[in-house]
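The signal peptide annotation in TrEMBL covers B:1-19. Residues annotated as domain 'Cytochrome c' in TrEMBL: B:32-134, B:178-293, B:316-406. If you look up TrEMBL, you'll see B:C46, B:C49, B:H50 marked as heme c 1 binding site. Per TrEMBL, heme c 2 binding site is recorded for B:C193, B:C196, B:H197. Per TrEMBL, the feature heme c 3 binding site maps to B:C329, B:C332, B:H333. Residues or ranges marked as region 'Disordered' by TrEMBL: B:421-443.
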Amino acid sequence: MANAMKKADVVIVGFGWTGAIMAKELTEAGLQVVALERGPMRDTYPDGSYPQVIDELTYSIRKKLFQDLSRETVTIRHGLDDVALPNRQLGAFLPGDGVGGAGLHWSGVHFRVDPVELRLRSHYEERYGKGFIPDGMTIQDFGVSYEELEPYFDFAEKVFGTSGQAWTVKGETVGQGSGGNPFAPDRSDHFPLPSQKNTYSAQLFQQAAAAVGYHPYNLPSANTSGPYTNPYGVQMGPCNFCGFCSGYVCYMYSKASPNLNILPALRQAPNFELRPNSHVLRVNLDSSGSRATGVTYVDAQGREVEQPADIVILGAFQFHNVRLMLLSGIGKPYDPKTGDGVVGRNFAYQNMATIKAYFDQDVHTNPFIGAGGNGVAVDDFNADNFDHGPHGFVGGSPFWVNQAGTRPIGGISNPPGTPAWGSAWKRATAENYTHHLSMDAHGAHQSYRDNYLDLDPTYKDAYGQPLLRMTFDWKDNDIRMNQFMVGKVRRIAEAMNPKALAILGKQPGDRFNTQSYQTTHLNGGAIMGSDPKTSAVNRYLQSWDVHNVFVPGASAFPQGLGYNPTGLVAALTYWAARAIREQYLKNPGPLVQA
Amino acid sequence: MNPFTATALALTLAGPALAAQPPAPDEGADPALIVRGDYLARAGDCVACHTAKGGKPFAGGLPMETPIGTLYSTNITPDKTGIGEYRFEDFDKAVRHGIAKGGGTLYPAMPYPSYARVSDEDMRALYAYFMHGVEPVAQENRDSDIPWPLSMRWPLAFWRWTFAPKVEAFVPAPGQDPVVARGAYLVEGLGHCGACHTPRAFTMQEKSLDAGDGDAFLSGSAPLEGWIAKNLRGDHTDGLGSWSEAQLVAFLKTGRSERSAVFGGMSDVVVHSMQYLRDDDLLAIARYLKSLPARNPQDTPHAYDRQVADALWKGDDSRPGAALYLDNCAACHRTDGQGYARVFPALAGNPVVQTEDPSSLISLVLKGGTLPATHQAPSTFTMPAFGWRLSDQQVAEVVSFIRGSWGNRGAAVSARDVERLRDDDSAHTSGDDIGQVTDHSGG
């Protein structure tokens, strides 16, 4: 028998970016909000205390901030006929754990979205014809436009303290020659902080990209270019390019996180409560199955606790949102054979390629400095900024040098052909470390009929509940896009006149490898859209089936973006929160009629 | 260690014969008067001393160590175990005169020498608040642990007769700016700033109780628990000479200003008292403090010296303490000692690092410090502790480096100075210090 807590107006599952944003918005609306975070309390102090946090072994190798797979993991298989096995060691992706979630250990690349990607299927059909999109590719429109989201992108950047250079503000060009991106959509305001300074590696990329005719710009970064106070009165310190961003707690108070940018303001709100070490098992529904009554969780002492609430926000990591919906019976599970059902549908990822360039001893790239969101990029091949017609694939990719910190264990990189150990390896490492740089093609990834999520029939977590099963593999479209992008990045790389290149891209026949880090940008499974037959949540991230359940996060993306997802995740969450505040509270019920 | 330099602890005697007294007459629960009393109680920071850690507000029980034993603050809630049976006259006797109901003299940790100048109207408002705006808490007062014969109270009466001023209405000096006069009323009266910031004589009384009574007033105290309450006079080196009025207001309201951050005992004063004051009162306090002349007649403004910053910029860390500064401090406070506005305090010209007694800076380096959250500035920046990784000699070197760089005029400190300020917490390396995985959730 579960202990029942006092009823709250809102219960939030997970305290990362989406949980924190929802908590702030809904406490501002006067609601009593309880946030449940399965992991421990974390904050800049003591978790990011200097110099203890500058410890690659503890954080990157032993994965201090990431999900504890001994309690819960996912099973993975390549195809419908395979048997999925539990992922027992994190590799390809790194979901967070604890207060702040992935928002505490992210890098800080803070993009908006290319407007085309919000209406990807419509755009491709209009420009290239319906036949251009291959069979089995299930990309679709988000059901919300860039213009609608613009105020929320703007506000999120102000909350995050994002550094960057606008191209146009209210139609007026302001970013020419100063690091703006000519492919970026119009903005209502400047970034709250100017761009960070560029590393030498980024400057080399900038010169080379311009030399081959592309349009380099400064990456928008949620690492501060100076001290900052956000609209909540919360302060940030200045980034000092220490290079310990992704996987770490920022000790300089300069990488935006829910802990740094929102939690201090929430602590001043008497109608907010955060309960760490509270692992939610399921959303409870009433007898009709159309209304949530709250959630049941396991507390730090292992007791089952029921938290009743009028509104349930699923703000966990992408695949945990999907799993909770499946475990709770919210929405119809997706069946890849018939194409029916929505929960688990359109699971998509990122399509990465990396090129490393090695230089002579007179080119000093000093890769030990870095900032997670910092760098120079080009968008000439992102989204639909080029004619896909002759190339026959869907999707685009920004390219960049994002010198995020090249640490002593994971950051060693030598030219192809270098022995992997011994004195020759040591000599090469000493010769190359401070004279190399790394470039990425951060490719969009499309959704397909048979890349999906469901509950595993065999394996269970520490609480006896089925694990989530991930059925995923690379498709022909992905490989061909990846190879095309590598070719374009290679032009930039060669324009730098390196002594050697290492190319890490996909080859025909490559399968998804769980051991090789791609990104933690997992998308879909509880996607948003205009049609309840093909989406799990409506344009306000409200469940079509259980109207008092909202599901913000990248789980709502119908396919993967070229850009990093956090900026869109944050904007969509503010957008959904506004709909709850201005529409749902006045008239609780479906905000969109099916 | 001098107990009376602590944030004043109000220690009233438990009256021996309360039962015989008639119940307190109701003063009338005029809501406006209660609200005003609440505000004045904030200005007086009564809650700081009359609330135990984790205890109910104003129920007393906060321990205070003195050389003669531990004292406990008293219950001042309107319960019969507190001051529920106090008439206004009893309340006034205690607050302004230092005489408890029943006739005993209060330990002068209760700052009645300062409260002596609180106006009658404000006393009425405070009384209304404590009788009607505070939740009664049944909690018996705790006797002090002071052994006989030191526990005898009667000698305190002689102290009171000798050192406590007459209770009389506050009268502004002729021609005084009314804003400054309001500041004087708050600082010298309810704010009892001198309880910590004015040096005490051998006989424990504050050497001066107001601006007109010599230059010892608010000129800084000896250290208590590793912190000193700094000079608030116009001196540039260790006082408020370099602070603008606006910086002072921001500091009191939010615990931080462009170049400074609150630490030590003043953190609680900002959190429990100052942040609640109206802007006009904060401005009055700031303007009044800025009207106090420097104590040192030879005082001159800080003159920034580029030498150290230039050397560090060129990679020259040969000066003693310079390499330690680069490794431990410079990321936030910068090689030029200027810090970052409102986030990481400047060290160049900062009076806190140039005090004659270096205890505060040494303690900060050893133990670190957390900037408290305030309503207007909710961020809590933490300077980590360095005591676990730096030896006494290293702390002495880096503290001396800070005190003597960028034009600063603080004297060097010795390893012995550091050793005296170490306590158990900063003497050992803990699991956290070396990056062990520790659950900090604490339930």
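Each residue, glycine too, has its Cβ placed from N, Cα and C.
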Listed binding-site residues (B:C46, B:C193, B:H197, B:C332) that sit near chain A [CB under 8 A]: B:C332
Pairwise Cα distance for B:C329 (heme c 3 binding site)/B:H50 (heme c 1 binding site) [Å, integer]: 37
Site of maximum Cβ density within 10 Å, from binding-site residues B:H50, B:H197, B:H333: B:H50
B:C196 (heme c 2 binding site): tally of other CB atoms within 10 A of its CB: 26
All-chain count of other Cβ atoms within 10 Å of B:C193 (heme c 2 binding site): 22
Check: same-chain CB within 8 A of heme c 2 site center, minus B:C193, B:C196, B:H197: B:H192, B:G194, B:A195, B:T198, B:L218, B:S221, B:A229, B:L232
Residue pair B:C196 (heme c 2 binding site), B:C46 (heme c 1 binding site) - Cα distance, angstrom, rounded: 15
B:C46 (heme c 1 binding site): tally of other CB atoms within 10 A of its CB: 24
Euclidean distance between Cα atoms of B:C193 (heme c 2 binding site) and B:C46 (heme c 1 binding site), Å: 13
Heme c 3 site shell beyond B:C329, B:C332, B:H333, criterion: Cβ within 8 Å of Cβ centroid: B:Y325, B:N328, B:A330, B:A331, B:R334, B:G339, B:F344, B:L347
Intrachain C-beta neighbours of B:C332 (heme c 3 binding site), sequence separation six or more, cut-off 8 angstroms: B:G339, B:Y340, B:V343, B:F344, B:M383
Minimum Cα separation from B:H197 (heme c 2 binding site), reported as the residue among binding-site residues B:C49, B:H50, B:H333 that achieves it: B:C49
Helix, strand and coil totals (DSSP H, G, I; E, B; other) for the domain 'Cytochrome c' (B:178-293): 47 helix, 6 strand, 63 coil
Site of maximum Cβ density within 10 Å, from binding-site residues B:C49, B:C329: B:C49
Those binding-site residues, out of B:C49, B:H50, B:H333, that come within 10 angstroms of B:C193 (heme c 2 binding site) at the Cα: none
Distance from B:C49 (heme c 1 binding site) back to B:H333 (heme c 3 binding site), taken between C-alpha atoms, in Å: 34
DSSP helix/strand/coil residue counts for the domain 'Cytochrome c' (B:316-406): 37 helix, 6 strand, 48 coil
Counts of helix, strand and coil residues, the domain 'Cytochrome c' (B:32-134), according to DSSP: 45 helix, 13 strand, 45 coil
